[in-house]
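Per Swiss-Prot, active site, schiff-base intermediate with substrate is recorded for 25, and the stated evidence type is sequence analysis. Annotation source Swiss-Prot lists active site, proton donor at 58, citing sequence analysis. Sequence annotations record features per position, and here Swiss-Prot assigns substrate binding site to 57, 73, 74, 75. Residues or ranges marked as pyruvic acid (Ser) by Swiss-Prot: 25.
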């Protein structure tokens with residue numbers, strides 16, 4: 001049996017741009033992509049912490065170190081610059097690998113600079129805005 005599991009996520013990134021007239025996708029700073037092991041053209045799920053919207057799109061590599069998080073095309077209607085989003089990637093694994101795999105959790109600051117990369121995730125205390 002194969003399971004779809006969390007591979008990685010970029011946690012609470014700040015949307016820097018939205019471009020309705022572009023063909024689609026999310027542009028992500030190359031440095032963030034590497035830290036989260038996300039490839040160009042990979043499908044990701046985006047969760048908007050400000051309005052609850054959840055949607056899927058694919059990734060375009062943005063300039064390294066720029067902090068860019070830009071939603072393009074129709075997805076631009078679901079975010080505003082300044083919104084906080086979680087960008088999630090998944091992987092299909094067999095049950096054995098799924099039991100031991102530890103996803104990368106990329107924590108960023110308000111300018112989308114990497115603060116910490118964690119391996120795995122745990123439930124945080126009520127009211128916490130980051131995971132322990």
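Cβ atoms here come from the backbone N, Cα and C positions, even for glycine.
Secondary structure from DSSP puts residue 73 (substrate binding site) in a helix. With respect to their backbone Cα atoms, residue 57 (substrate binding site) and the residue listed as 'active site, schiff-base intermediate with substrate' stand 5 Å from each other. Taken over all pairs of the listed substrate-binding residues (57, 73, 74, 75), the Cα spread reaches a maximum of 10 Å, rounded to the nearest whole number. A 10 Å cutoff on Cβ-Cβ distances gives residue 73 (substrate binding site) a total of 16 other Cβ atoms nearby, all chains included. Between residue 74 (substrate binding site) and residue 25 (active site, schiff-base intermediate with substrate), the C-alpha separation comes to 9 Å. Taking only the Cα positions, the spacing between residue 58 (active site, proton donor) and residue 73 (substrate binding site) is 11 angstrom. Of all the binding-site residues given, namely 74, 75, the one with the smallest number of surrounding CB atoms inside 10 A is 74. In this structure, the CA atom of residue 25 (active site, schiff-base intermediate with substrate) is 7 Å away from the CA atom of residue 75 (substrate binding site).
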